[in-house]
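Asks: Supplied in structure tokens, the structure appears directly below.
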């Protein structure tokens, strides 16, 4: 009797590189979130938002604009600038949420964001959302309820900020799709940094707290690492099909859980883990089903 021969799963080197880049980007995003949360103990939320966008704008101005000067002239300014304002609100709400809730819980709730985007596509973009999609959205909402645990724990400001960031993120994602009809990703990223960086500079004098050396290093790290994370995320999709790359977005929950345990002593309970698995499973099913 011959042994059963099992062929190993073959993954193209380029696709494997894309998977690695997406995994790296999620680790970097969680690192930024963790640094932002630690800074909220000593610095105002809007000052942290300034660090995120101003450094990003400076890096793009130095390394990107000289090689791609056409991004200075967007074709759809209204959509791009409206998206930038919403991104500013999303970031501020997210940083405020980090201050009041565990990092892993925030990222578990954040898994429902793609489902919110799907739900908004019907009324805002006129796209057809099928019964399976609505079913996945309903299941994901049930998973989110397990994470939030209404009735078991009171819904604090942290949860409300997190929900607000998810909703505003969904609107920004919709506007991103509209903007990409006329402008490339670099154009959208640059003008988001321009608008958000300018807006944060305007409010900075009212919230400024003089940083010490450690604070300055953290400010530079937040801006630099978040820019690198965005670059890795965008670049990942150039190495393989989205259906292979996108699932690695969910490694963010693993990194968030590890960060919570290692840096903040936060251990997710069983309901949070179960809820996150339900949300991730629903989102993956929807993505793979609709991506056929």
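Yeah, the Cβs are placed from backbone N, Cα and C, and that goes for glycine too.
Sharing the record's features from TrEMBL:
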type	residues	note
DOMAIN	17-148	domain 'EamA'
TRANSMEM	20-39	transmembrane segment
TRANSMEM	45-67	transmembrane segment
TRANSMEM	79-100	transmembrane segment
TRANSMEM	106-126	transmembrane segment
TRANSMEM	133-152	transmembrane segment
DOMAIN	157-286	domain 'EamA'
TRANSMEM	158-176	transmembrane segment
TRANSMEM	188-209	transmembrane segment
TRANSMEM	215-236	transmembrane segment
TRANSMEM	248-265	transmembrane segment
TRANSMEM	271-288	transmembrane segment
Asks: Is the transmembrane segment (45-67) in contact with the transmembrane segment (106-126), using at least 3 Cβ pairs under 8 Å (sequence separation of 6 or more) as the test?
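Replies: Between the transmembrane segment (45-67) and the transmembrane segment (106-126), which are separate recorded stretches, there is no contact, as judged by 3 or more close Cβ pairs.
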Asks: Go through the chain and flag residues at least 6 beyond the ends of the transmembrane segment (158-176) whose CB is under 8 A from any CB in it; none is fine as an answer.
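Replies: Answer is 79, 82-83, 86-87, 89-91, 93-94, 96-97, 99-101, 105-106, 109-110, 112-113, 116-117, 119-121, 124-125, 148, 188.
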Asks: So what's the average pLDDT for the domain 'EamA' (17-148)?
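Replies: Per the prediction, mean pLDDT sits at 85 for the domain 'EamA' (17-148).
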Asks: I need to check the long-range neighbours of the transmembrane segment (215-236): which residues 6 or more away from its ends have a CB within less than 8 Å of a CB in the stretch?
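Replies: Distant Cβ neighbours of the transmembrane segment (215-236) are 18-19, 21-22, 24-26, 28-29, 31-32, 35-36, 38-39, 42-43, 48, 51-56, 58-60, 185, 189, 245, 248.
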Asks: Please check if the transmembrane segment (188-209) comes into contact with the transmembrane segment (45-67), where contact means 3 or more CB pairs closer than 8 Å and the residues in each pair are separated by 6 or more positions.
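Replies: Contact between the transmembrane segment (45-67) and the transmembrane segment (188-209): present, because at least 3 Cβ pairs are under 8 Å.
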Asks: Using a Cβ-Cβ cut-off of under 8 Å, list the residues of the same chain that are 6+ residues beyond the ends of the transmembrane segment (271-288) and lie near it.
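Replies: For the transmembrane segment (271-288), the far contacts come to 104-105, 108, 111-112, 114-115, 118, 132-133, 136-137, 139-140, 142-147, 149, 243, 246-247, 250, 253.
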Asks: Just give the helix, strand and coil counts over the domain 'EamA' (17-148), going by DSSP.
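Replies: Per-class counts: 107 helix, 0 strand, 25 coil.
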